[in-house]
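**Q** Dropping a structure here in structure tokens format, bear with me for questions.
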Amino acid sequence: GGGCGACTVMVSRYNPREKTISHFSANACLLPVCQLHLAAVTTTEGIGSTETRIHPVQERIAKANGSQCGFCTPGMVMSLYALLRNQPQPSLEDIVEALGGNLCRCTGYRPIVDGCKTFCGVRMSVMRHLESLLVDNGVPELFHEGDLLPQDPTQELIFPPELMLMAESQRPLTQTFCGERITWVSPVTLRELVELKAKHPKAPLVLGNTGVGLEMKFKGILHPVIISPTRVPELYEVNKTPDGVWVGAACSLTSLKTLVEKLVRELHEDQVETFSALLQQLRSLGGQQIRNVASLGGNIASAAPNSDLNPVLAAGRCILSVISKVFNFTHTSQGSSHMSTMGSVEFVRAFRQAPRKANALATVTSGMRVRFAQGTDAVEDLAIFYGGVGPCTVGATKTCREVIGRRWNEETLNEAYRLLLDEISLPPSAPGGKVEFRRSLTLSFLFKFNLQMLQKLNEMPSWRWQVRPDCSDKRRLTFGTCRSQEVSQGQRGDDLVGRPVMHRSALSQATGEAVYCDDIAGSQGELFLALVTSTRAHAKLIKIDDGEALKLPGVVDAVTAKDIPGKKFRTFTGIDEELLAENEVTCVGQMVGAVVADTRQHAKQGAAAVKVVYEDLPDRVLTIEEAIEKKSFFKPQREIERGNVTEGFRKADQMLEGEIRIGGQEHFYMETQSMLVVPSGEEKELKVYLSCQHPTYAQESIAETLGIPSNRVSCHVKRMGGAFGGKVTKTSILASITALAAWKTGQAVRCVLERGDDMLITGARHPVLANYKVGFMNDGRIIAADIQYFTNAGNTGDESILVIEKILLHIDNAYSVPNLRGRATACKTNLPSNTAFRGFGVPQSMLVVESVINDVAMKLGCTAEEIREKNMYKGPSITHYKLQFDPENLLRCWDECLQKADYHSRRTTIAQFNQSNRFKKRGIAVIPIKYGIAFAECFLNQAAALVHIYKDGSVLVSHGGAEMGQGIHTKMQQVASRELRIPVSLIHISETSTNVVPNTCPSAASFGTDANGMAVKMACETLLQRLEPVIREDPKGTCWPNVVSLCRGPDTYMDWKKQEGQPYAYFTYGTCCSEVEVDCLTGDYQTLRTDIVMDIGRSINPSIDIGQIEGAFMQGLGLYTMEERKFSPSGMLYPRGPAQYKIPAVCDMPLKFNVYLLAGSSNLHAIYSSKGIGEPVLFLGSSVFFAIKDAVAAARKDVGLGGPFKLDSPACPEETCLACASWWELFLFTFMCCVLVKTYDGLLLCPGCTLPNTLCFCDNPRTTRTLPWHNS
């Protein structure tokens, strides 16, 4: 719905009146074809291809390693291409703004920006030179700018001349398009538009389709008639007047932004107050693609409760001119908005808080204006408007009325705060939730406005206010370092192992030629499948009636559990899961049937027409607490212990107990669940094309469902547009249902889930509730810990038992605790079943461990880094499951990270900053990781490869790993190239297929390269041994065999009865240091810098591995600070797409991002001494979480609050703001009768400004008084 930007295209239009051509990016998914008359649409396929000529934009993103899974890459390419068509040499800020509407789940954005910034021209040359000085001699560059194609604007595509001729010669005529259910009318005059609206009063006016389009797509709202005034020229007119400007209602937000920027440059500073405030909101309103098509009139008329613009327009006294047929047409101004200039002592400010800094719907917005009497601080006029605290924009008229006529001082503002709290009220059940936070923001914005006005008054010569503004300044994205590794001395020049090699599919992904599952061409008679899902969390299925659905046009058939000829369930870890519910549903979103039709739309309509009759059942369980109370658990529960925890607690100097919650996380792979099942052959054969990490498991599932042998089913995986663990078990079930439909109808059936259905059905990362008790000595040594984990597994077992096992195996992280006990339980609830996710329980496990470390440090009054160092493994060590290892590289990563991040110096600087700033605080945290690599189940550690050598010398490699952006095919090419001693250009990898390499294991657990790489290596070695005599006699070769090689991985195991084993082949180590700045009044934060040092052995491909590091870090940042999954009281998932669920965007990148690979490391347990890297780094995103907690601790210290405090994950703005417990929050929640801090007494506050006496900014010292505060 326009939130991810993957479908971005460039739209070009010719203006015959001005003889100009405009180019802008837009989301194809929201762009009505009916609006594209006389427009040229350019896609990434249109600007370059591997068959003809690559465009520089495509090349640079690919060569900078900015394409991993590649599903988002065409959209990235077109966003940048559209920018370059308008600005051939953009600034770095222009690039970040242009990419603001594009999401990527793989790369972490840094390589994309790196590729894009090469277009910045001369302005960047000095900075690039400084970057080059940071790279060690002998270390290969990740990509070399000198090898890039030059940018030549004269060689770009021209606007089609025939469209120019048509625009010049054709007289505009009203267009009408009649569809199956909708009529689209596009008038060309204002009079005709008014007539149409009068004739069809309920018909919406559609300009950008950013509102109506979403309603129709996601809410199923049908508009029989739609009026599109995009061709009415009067609505685009801009007229300047002496006191402001009239802007046509159809002007896009981008056009408005350009106009306002021009006015701000041209007009006097005193006249641009409203324009500057408006510009501030426009910069963060939606992504670039949305702003390019959304209109000012649409934004105003939609009257969104949390509108960004309406509060500012209202505060700035803007005038809205409206046309209606009932008015005298000739005397009514055109539909437009008038924005006025301001006086010399009049100020306008805008405020905004949103879940993400850009391209996110706001939580609360505000526009405020004040006018002072000349030469005084007396308020002549005041306007305060809010969005996000009512059904529409709300004005604080009573508060303003009381303030007008009074002096702008602390006494007046304190009274205004109290009045505002009464006037802007939100009931506890207000739509959107976050009531306390939203109310606090209304006062926080007014307080910010107060500070800014005091500063303005202080700047006036006649006033001398003693105001200390925050020292923090606006920071911009800078340049980081990505340090590769040196290759071995004596390594052949054509041996690419260890060298940065571009992802083998990067260019085809950038040009749009890469084929994903839904790109496979349709076949004759192909059908489309839509799922019917439960709307109840716990109920009996009384009846499934598909009668009405089968009567709809295009609907062919429906399938239910009764149609399954074989097994009706899948068994994983000993727990059965129904493919389609038959007698009972146990969560909202559980699949109960499916409808197949001739088109996607008909299938969707058919699924909506299926009537399901339920009988609700009692004892619904939705939360972990309810599951604990009702003992609703999956068996077995796991426990592990070493030493004597009870004795350890007895010997400890101090004890501490606590609790922490970690929320779930949506996979949000860019390509949703996709599959195509094609019946073929004459013996019940099925060809299955799907986006899946474990094609063999899908093959087994389909065969068992249909009751046929596995040799009749072949599963093919070309590539996946992201997976992250979410395309194993759920994909196999969906593939089985799709295969059932193909089996029943005898036709090919395609199933591609929409984002909302995907998020509803497929589950996510397991939420965790953890309780801990820790005993420690006064010097910081932890001698005993007892941690209990409860995960919300959902309605079926899935992989939850394996997840809790891995949670306990990583309960130590990097620390040696002599007495350690861990217990873990998977709770059975009536929510969609949660499943595997990158890290597989480790990110939840380790966050609890690091929280314990953090709380111990706070209790002892020292830094967490001191406690971490004191408790780290040192020397030959043994884990709590009796696995011996050497932590040398763990300690090296720690020391090197502290040194490269300049930690100790920055810690001092941060302390100074925090002392000088009241409402912005900085924090820093350093987090280590020790992550076990391999599957604990030995049979999963095997892999197979088939290598063909053909007569012409070319080589075809097939292996069991599935490509999902992690570059496994690229690395396999490098392995085969080294072993066969031939260029990679002679080696091809087509796809992963179960009829070529059978019995494959899942591509997961960061073990794909280890296992499949060894299989390819062994196959190549066998071939060379056989060919050695032939090669000696005839180097060109005349006889070329093929070899299948099976690689058996390490003998891993875990005995849970004995609580010992060797579940991992080796450990990947790393350390991350992050620094953040937190706005204590809103909870917003910015990651200022991140430094990562990773031990990945000898990297096979540094560019791919560094990309994996950065992408995993950003995914972890999302988990711990942004991404929230919330459910209704009935068990319905609230966020069902990018509009509600926010993953990190380019605006969330650390402003400086440095990645270093540990030098001199090796690993005897994996191919070429490399290490698995896909999963471990995700946990290092928690360094941002703990840096936020460090900053919050500094804020709490200002009001006398010390010691441990609770901060759950994700540390979103709401949690962060309330945790700060600054004097402002105390002030606020006193009047809200909701004090949210620990009990304390005796705080000295100034009665004038209510600040602690050490922070008072009043004119003269006043006597202080003691105020008691009590727990609520």
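Placed from the backbone N, Cα and C atoms, the Cβ positions cover glycine too.
Feature list, courtesy of TrEMBL:
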- GLU1175: active site, proton acceptor (ACT_SITE)
- CYS4, CYS7, CYS29: [2Fe-2S] cluster 1 binding site (BINDING)
- CYS69, CYS72, CYS104, CYS106: [2Fe-2S] cluster 2 binding site (BINDING)
- 205-212, 295-299, ASP308, ARG352: FAD binding site (BINDING)
- GLN693, PHE724, ARG838, ALA1005: Mo-molybdopterin binding site (BINDING)
- PHE840: substrate binding site (BINDING)
- 177-350: domain 'FAD-binding PCMH-type' (DOMAIN)
**Q** Excluding CYS4, CYS7, CYS29, please set out which residues of the same chain place their CB within 8 Å of the center of the CB atoms of the [2Fe-2S] cluster 1 site, keeping sequence order.
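**A** Here the non-site neighbours turn out to be GLY1, GLY2, GLY3, GLY5, ALA6, THR8, ASN27, ALA28, LEU30, GLY75.
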**Q** When you measure from the Cβ of GLY297 (FAD binding site), how many other Cβ atoms are you left with inside 10 Å?
**A** 22
**Q** In the same chain, outside GLN693, PHE724, ARG838, ALA1005, whose C-beta lies within 8 angstroms of the Cβ mean position for the Mo-molybdopterin site?
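**A** Here the non-site neighbours turn out to be ALA723, GLY725, GLY726, VAL728, ALA836, PHE837, PHE840, SER1003, ALA1004, GLY1174, GLU1175.
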**Q** If you count CB neighbours within 10 Å, which one among the binding-site residues CYS104, CYS106, LEU205, LEU207 has the smallest count?
**A** LEU205
**Q** Please list, in sequence order, every residue of the chain apart from CYS69, CYS72, CYS104, CYS106 whose Cβ lies within 8 Å of the Cβ centroid of the [2Fe-2S] cluster 2 site.
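**A** Same chain, not in CYS69, CYS72, CYS104, CYS106, Cβ within 8 Å: SER67, GLN68, GLY70, PHE71, THR73, ARG105, THR107, MET670, GLY721, GLY722, GLY965, GLY1111.
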**Q** Need this for a regression test: binding-site residues CYS104, CYS106, ASN209, ARG352, PHE724, ARG838, filtered to those with Cα within 10 Å of CYS4 ([2Fe-2S] cluster 1 binding site). What's left?
**A** CYS104
**Q** So of CYS4, CYS29, which of the binding-site residues has the fewest other Cβ atoms within 10 Å around its own Cβ?
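**A** The binding-site residues CYS4, CYS29 were compared, and CYS29 has the fewest Cβ atoms within 10 Å.
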**Q** If we count other C-beta atoms within 10 Å, could you say which of the binding-site residues CYS7, CYS69, CYS72, ALA1005 has the fewest?
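**A** Per-residue Cβ counts within 10 Å for the binding-site residues CYS7, CYS69, CYS72, ALA1005 bottom out at CYS7.
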**Q** Over all shown protein chains, what is the count of other CB atoms within 10 A of the CB belonging to ARG352 (FAD binding site)?
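**A** I get 27 for this one.
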**Q** What residues, ordered by sequence, lie under 8 A Cβ-to-Cβ from PHE840 (substrate binding site) and sit at least six positions away in the same chain?
**A** GLY725, GLU799, LEU802, VAL803, LYS806, ALA1004, ALA1005, GLU1175
**Q** Take the Cβ of ARG838 (Mo-molybdopterin binding site) and count every other Cβ within 10 Å, whichever protein chain it belongs to.
**A** 27
**Q** Please name which of the binding-site residues listed here, CYS7, CYS69, CYS106, GLN693, PHE724, is nearest in space to ASN209 (FAD binding site), Cα against Cα.
**A** CYS7
**Q** Of all the binding-site residues given, namely CYS7, CYS29, CYS69, CYS72, CYS106, which is spatially nearest to SER295 (FAD binding site) at the Cα level?
**A** CYS29
**Q** Can you tell me which binding-site residues out of CYS29, CYS69, CYS104, GLN693, PHE724 are within 10 A of LEU207 (FAD binding site) by Cα, answering none if there aren't any?
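**A** Hits: none.
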**Q** Please identify, among the binding-site residues CYS29, CYS72, GLY297, ASN299, the one with the smallest Cα-Cα distance to GLN693 (Mo-molybdopterin binding site).
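**A** Answer for the nearest of the binding-site residues: CYS72.
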**Q** If I take the alpha carbons of CYS72 ([2Fe-2S] cluster 2 binding site) and CYS7 ([2Fe-2S] cluster 1 binding site), what is the distance between them in whole Å?
**A** 8
**Q** Would you count the other CB atoms within 10 A of the CB of GLN693 (Mo-molybdopterin binding site), including those on all shown protein chains?
**A** 28
**Q** Going by Cα-Cα distance, pick out whichever of the binding-site residues CYS29, CYS69, CYS106, PHE724, ARG838 is nearest to LEU205 (FAD binding site).
**A** CYS29
**Q** Near the Cβ of SER295 (FAD binding site), how many other Cβ atoms are there if near means within 10 Å?
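**A** Its Cβ has 26 other Cβ atoms within 10 Å.
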